[in-house]
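Undergrad: Here's a structure for you.
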Ligand SMILES: *Cc1c(COP(=O)(O)O)cnc(C)c1O
């Protein structure tokens, strides 16, 4: 591969030329079942006609003008997002990290308005919030931070899925203004908290006057079987961030807010040149409309439940398999040992998967996954994992 690129990624020895649905073809013409969807990005699969048509049409109409003017497609997307999420206002950026940066700035500005000069945001161990300085400082993974010190201050870390630790922090500190948390941790290993965790976070935030900020960059856009993961819990955050699946691969990020938080930013307090431009906004609207019209969140819920059950059955009693967990089409298979080599072995077998937190196989297939494809996924993966566990 070319030396012209900075070596920020350990790339696998494959290059893709085209895709269709859940399938990808490499430059040699080999076909792969994509059970990663560009890391939870291509929820509608590859080359979806609705996204293709939206992009082609918009490219021939208007791509960019800037946020100095009214942007019709951004307004339309905002209206649709508000309607479908129960939030009140939205700011658009171009990535997940930018969406979280907006949320962090919003929480700080909100705090300063209330007279808190040194605001702190509670974050959790094992979290991932991005690679910019503020978001890597919020991230609960030393590997992401190492070498980039001094980190951004103002984050207080507690273990994930630990209400007691939050109560202790609440009792000992007066400068906490928000909790920033993933409803299910993605990069951290598909960590599903206790069923009442998100509801209890909501209750604590209400009691303390903190903002509940959900990072739904990975869990959002139907991934867990609802448009947003917190909709499973009947919990409404004050701020929610979206990106990955929002425009099926066209770069976009969104920070949505409601209540007091929705009115925090004013002219000049935040901005983005590209954010919410007509092309990206049009693609995102096509995604939201397709999810709604084709009932794809329910589909992800149903096929995800089948997939998880099938994986639990096939691995039941298998020494080396610790747990199969997740929600909808966000599934982790935890092994008792590091299993990064499985990614390359799966690639050779024509299957794209990911391993995160060293020993958790992560599956994030497109939401359009059909039964026969899900069966093929289980069959291929079962063989690979069994062989790995027997020979490792
Ligand atoms: C991927 C991810 C991010 C960062 O998104 P980028 O678009 O890579 O900046 C933030 N939070 C979560 C939960 C993610 O999964």
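Note: Cβ is positioned from N, Cα and C throughout, glycine not excepted.
TrEMBL: automatically predicted annotations, no manual curation.
Take a look at what TrEMBL says about it:
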- 96, 97, 128, 215, 216, 217, 218, 273: pyridoxal 5'-phosphate binding site (BINDING)
- 131, 272: N(2)-acetyl-L-ornithine binding site (BINDING)
- 244: N6-(pyridoxal phosphate)lysine (MOD_RES)
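Help me picture these features in the structure, burial and contacts included.
TA: Within its own chain, residue 218 (pyridoxal 5'-phosphate binding site) has 39, 40, 182, 186, 187, 244, 330, 364 as residues 6 or more apart in sequence whose C-beta sits under 8 angstroms from its own.
Note on residue 272 (N(2)-acetyl-L-ornithine binding site): other Cβ atoms within 10 Å of its Cβ, all shown chains, come to 17.
DSSP assigns residue 244 (N6-(pyridoxal phosphate)lysine) to a helix in the three-state reduction.
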Undergrad: Which residues, sitting 6 or more apart from residue 273 (pyridoxal 5'-phosphate binding site) on the same chain, put a CB under 8 Å from its CB?
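TA: Non-local contacts for residue 273 (pyridoxal 5'-phosphate binding site): 66, 67.
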Undergrad: How many angstrom lie between the most widely spaced Cα atoms of the pyridoxal 5'-phosphate binders 96, 97, 128, 215, 216, 217, 218, 273?
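TA: Among the residues the record ties to pyridoxal 5'-phosphate, max Cα distance equals 25 Å.
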Undergrad: Using C-alpha atoms only, work out the spacing between residue 96 (pyridoxal 5'-phosphate binding site) and residue 272 (N(2)-acetyl-L-ornithine binding site) and round it to an integer in Å.
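TA: Residue 96 (pyridoxal 5'-phosphate binding site) to residue 272 (N(2)-acetyl-L-ornithine binding site), Cα-Cα distance: 14 Å.
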Undergrad: Kindly point out which of the binding-site residues 216, 218, 272, 273 have a C-beta less than 6 Å from some atom of ligand 1.
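TA: Near ligand 1, sequence order: 218.
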Undergrad: Could you state the CA-to-CA distance between residue 216 (pyridoxal 5'-phosphate binding site) and residue 131 (N(2)-acetyl-L-ornithine binding site) to the nearest Å?
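TA: That comes out at 16 Å between the alpha carbons.
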Undergrad: Determine the Cβ neighbour count for residue 215 (pyridoxal 5'-phosphate binding site): the number of other Cβ atoms within 10 Å of its Cβ.
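TA: Cβ-Cβ neighbours of residue 215 (pyridoxal 5'-phosphate binding site) within 10 Å number 30.
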